[in-house]
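Below is one structure, written out as structure tokens; the observations come after it.
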Amino acid sequence: MKVHSLFLMAIFFYLAYTQLVKAQPRDDCQTRCGDVPIDYPFGISTGCYYPGDDSFNITCEEDKPNVLSNIEVLNFNHSGQLRGLIPRSTVCYDQQTNNDFESLWFRLDNLSFSPNNKFTLVGCNAWALLSTFGIQNYSTGCMSLCDTPPPPNSKCNGVGCCRTEVSIPLDSHRIETQPSRFENMTSVEHFNPCSYAFFVEDGMFNFSSLEDLKDLRNVTRFPVLLDWSIGNQTCEQVVGRNICGGNSTCFDSTRGKGYNCKCLQGFDGNPYLSDGCQDINECTTRIHNCSDTSTCENTLGSFHCQCPSGSDLNTTTMSCIDTPKEEPKYLGWTTVLLGTTIGFLIILLTISYIQQKMRHRKNTELRQQFFEQNGGGMLIQRLSGAGPSNVDVKIFTEEGMKEATDGYNESRILGQGGQGTVYKGILQDNSIVAIKKARLGDRSQVEQFINEVLVLSQINHRNVVKLLGCCLETEVPLLVYEFISSGTLFDHLHGSMFDSSLTWEHRLRIAIEVAGTLAYLHSYASIPIIHRDVKTANILLDENLTAKVADFGASRLIPMDQEQLTTMVQGTLGYLDPEYYNTGLLNEKSDVYSFGVVLMELLSGEKALCFERPQSSKHLVSYFVSAMKENRLHEIIDGQVMNEYNQREIQESARIAVECTRIMGEERPSMKEVAAELEALRVKTTKHQWSDQYPKEVEHLLGVQILSTQGDTSSIGYDSIQNVTRLDIETGR
């Protein structure tokens, strides 16, 4: 049993390691920096370059790619060479201090300088030292002597310029260049004020005595060749575990450690990607030797020359020669067999055509059945009977929805919940929408569903996700909404895809927008609507962090002559109104409770229900109310939002949240009152002070009773804020 466990563990680690070495870049990686293409194994961000080796990490600043901080990349190939620019090091003569010099060092990590580079010194009466640091330290250099300017067209042979070949050990992780000059430089300083030491690719620097000795023609960086490879092991050592992709092969690096990849003959591309090596079409690129009498046909990795019927290919000249003709045998049997085959094919094609027509008719009938079953006829009748109005419901087809979601591809899923699955859809006009595919529901509720579609399509509020239309030709109806790009409030507060950077101003504004939206739905919509599933996951944020209330799948319409409905309890734990949960009676105060939980989340940054918290504080409401009662609100408020200037606003918001989450619904304020109080929190301190002195005047101006806790009246001041708030709620947009 123990041996079996060890064997399984060994297989697990082997697979994990194989996955690591086979790692591939993300699909969204940046592929260019300025004019330089960036190909894997190099990359610009984490997950885009070969993992575990920062030598492949490219930093892109001002459209210039750099590797290892001070080496600018010009280009690189897949065979293990990188061409880059590195700065020179300089020493200048100064009469005060004799010398003013700088030395430069370069970090190499897993890169190494190619033997095709030369270490070069330009200057008179100077010498330069190259030092490497690693397991083996290495030093070399050269000296240049001259008291007068060298003659024009001089070579770099030790007079005004010297160069040397270097063989830098592979284990070197750092290289330093340092030029120096002799002490007495008065004889040369007028034509050679400074000396320069640098690496340069062989053939990329030609010494010009007068110009270079003066200022090196103002060149500050020189091209060099660097060698790179994958890891430290050979192809034999990593057989089956290298990162070479399909149609490629592994070869040992020429620098003595690691390996590189190359595409097989007949293929081209990036051999380090899983399918980077693609077939070369020799026929279209004219990389073939077929004669004019033969036809080139491309094959995978190669090609062949095809001769016309009646001729054969001469493999020496690759031309076509006539084939000796023979009289056909059994011509009668061939004719019979050919006729039988053709007849059989005609029968098969006819049967296939009939089956296709029957399948098309069946699908059409099924779509029509679903359309009627989902209330399509009722919807068309209601739309035609409504006459000219602001109802704008578009009925989409099943084919259009399938095409928009790429066949309901899992990669298009934006989210999943109790009400269904939401897909990202791209319509034929390239507009992006959110398509909600509901779960199978109660067929008896079709009329109510159609009513909700009609009512929701009339909601024209800037903080409600707009319903664009629906598709009724599927087994379950599809709803099409406008697409909101920046995720949900839950993602911003708790998710890993966003940094929690919402300021108090952002959070207060979001709370005001959501409260105003719910007040609009409760009080000013043509038919009052109770959302029934208010939570941070159903509040979307656009690119400006403007709140958009979404997911009305659980919503219910309240007839004008009723204040509440008896329904099957539905909602999300942590946000669910306890009174509604116990009685099944749904009214607008259920949304007030859920909004209070959302407000607590905005204030605390904590989840509504968290099993990682202690049992007594597992539910955010009890946790929050307890902190308020024990006067330790500061312990639960998110540290990113509270400061000395907004403590009063946060305390007032916390009080409103507690009022909204009272156990008895009748003790909770209405959303209209909540929206007014939250809007008032943005009033300046002077207005707050005025309202503290004249609370009756404030109450008269606001037109609503101010909420209070334990006799402490909250001032909301600002003589016109209620009118503004009411206008926002009533008009929507």
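A Cβ is built for glycine as well, from the same backbone N, Cα and C atoms used for every other residue.
Keep in mind that what you see is a predicted model, and the values were worked out from it rather than measured.
The feature signal peptide is assigned by Swiss-Prot to 1-23, with sequence analysis given as support.
Mean per-residue pLDDT, taken over the topological domain 'Extracellular' (24-330), amounts to 86. If you look up Swiss-Prot, you'll see 24-330 marked as topological domain 'Extracellular'.
Applying an 8 A CB threshold to same-chain residues 6+ apart, the list for ASN57 (N-linked glycosylation site) reads PHE42, GLY43, ILE44, TYR49, VAL67. According to Swiss-Prot, the feature N-linked glycosylation site maps to ASN57 (among others).
Annotation source Swiss-Prot lists N-linked glycosylation site at ASN77 (among others), citing sequence analysis. The local packing around ASN77 (N-linked glycosylation site), expressed as other Cβ atoms within 10 Å of its Cβ over all shown chains, amounts to 11.
The N-linked glycosylation site annotation in Swiss-Prot covers ASN110 (among others). Remark: ASN110 (N-linked glycosylation site) has ASP53, SER55, TRP228, SER229, GLY258 as non-local neighbours, by Cβ distance under 8 Å and separation of at least 6 in sequence.
If you look up Swiss-Prot, you'll see ASN137 (among others) marked as N-linked glycosylation site, on the strength of sequence analysis. Counting Cβ atoms from all protein chains shown, ASN137 (N-linked glycosylation site) has 10 others lying within 10 Å of its own Cβ.
What Swiss-Prot lists as N-linked glycosylation site is ASN184 (among others).
Taking the Cβ of ASN206 (N-linked glycosylation site) as reference, no residue of its chain lies under 8 Å away while being at least six apart in sequence. In the three-state DSSP classification, ASN206 (N-linked glycosylation site) falls within coil. Sequence annotations record features per position, and here Swiss-Prot assigns N-linked glycosylation site to ASN206 (among others).
Spatially close to ASN218 (N-linked glycosylation site) yet at least six residues away along the chain is no residue at all, judged by Cβ distances under 8 angstroms. ASN218 (N-linked glycosylation site) falls within a helical segment according to DSSP. Taken from Swiss-Prot, the feature N-linked glycosylation site applies to ASN218 (among others).
Feature annotation from Swiss-Prot assigns domain 'EGF-like 1' to 231-278; the stated evidence is sequence analysis.
Among the features that Swiss-Prot reports, N-linked glycosylation site is placed at ASN232 (among others). Note: ASN232 (N-linked glycosylation site) has non-local neighbours LYS257, GLY258, i.e. same-chain residues 6+ apart with C-beta under 8 A of its own C-beta. According to its DSSP assignment, ASN232 (N-linked glycosylation site) is coil.
Using a 10 Å Cβ-Cβ cutoff, CYS250 (disulfide bond) registers 18 neighbours. Residues or ranges marked as disulfide bond by Swiss-Prot: CYS235-CYS250 (among others).
Same-chain residues at least 6 positions away in sequence with a Cβ under 8 Å from that of CYS244 (disulfide bond) are, in sequence order, CYS250, CYS261, PRO271, TYR272. According to Swiss-Prot, the disulfide bond annotation covers CYS244-CYS261 (among others), on the basis of sequence analysis.
Annotation comment: Swiss-Prot describes ASN247 (among others) as N-linked glycosylation site, evidence class sequence analysis. Counting only same-chain residues at least 6 apart in sequence, those with a Cβ under 8 Å from the Cβ of ASN247 (N-linked glycosylation site) are CYS263, LEU264, PHE267, CYS277, GLN278, ASP279, GLY301.
All chains included, 26 other C-beta atoms sit within 10 angstroms of the C-beta of CYS277 (disulfide bond). Look at Swiss-Prot and you will find CYS263-CYS277 (among others) tagged as disulfide bond, backed by sequence analysis.
Under the heading domain 'EGF-like 2', Swiss-Prot lists 279-321.
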Quick one: pull the CA-CA distance for LEU414 (ATP binding site) versus TYR580 (phosphotyrosine), whole Å only.
30
Return the residues near CYS290 (disulfide bond) by Cβ distance under 8 Å, restricted to its own chain and a separation of at least 6 in sequence.
CYS296, PHE303, CYS305, MET318
Note down the number of other Cβ atoms within 10 Å of the Cβ of VAL422 (ATP binding site), including every protein chain shown.
21
Could you work out which of the recorded positions (CYS261, CYS263, CYS305, CYS320, LEU414) has its C-beta surrounded by the smallest number of other C-beta atoms within 10 A?
LEU414
Counting across all protein chains present, how many other Cβ atoms fall within 10 Å of the Cβ of GLN416 (ATP binding site)?
11
Would you kindly give the Cα-Cα distance separating GLY420 (ATP binding site) and ASN314 (N-linked glycosylation site), rounded to the nearest Å?
66
Cβ neighbours within the same chain of TYR580 (phosphotyrosine) - under 8 Å, at least six residues apart:
VAL569, GLY571, LEU586, ASN587, SER590, TYR593, GLY665
Can you name the residues of this chain that are 6 or more positions from ASN289 (N-linked glycosylation site) yet have a C-beta less than 8 Å from its C-beta?
CYS305, MET318
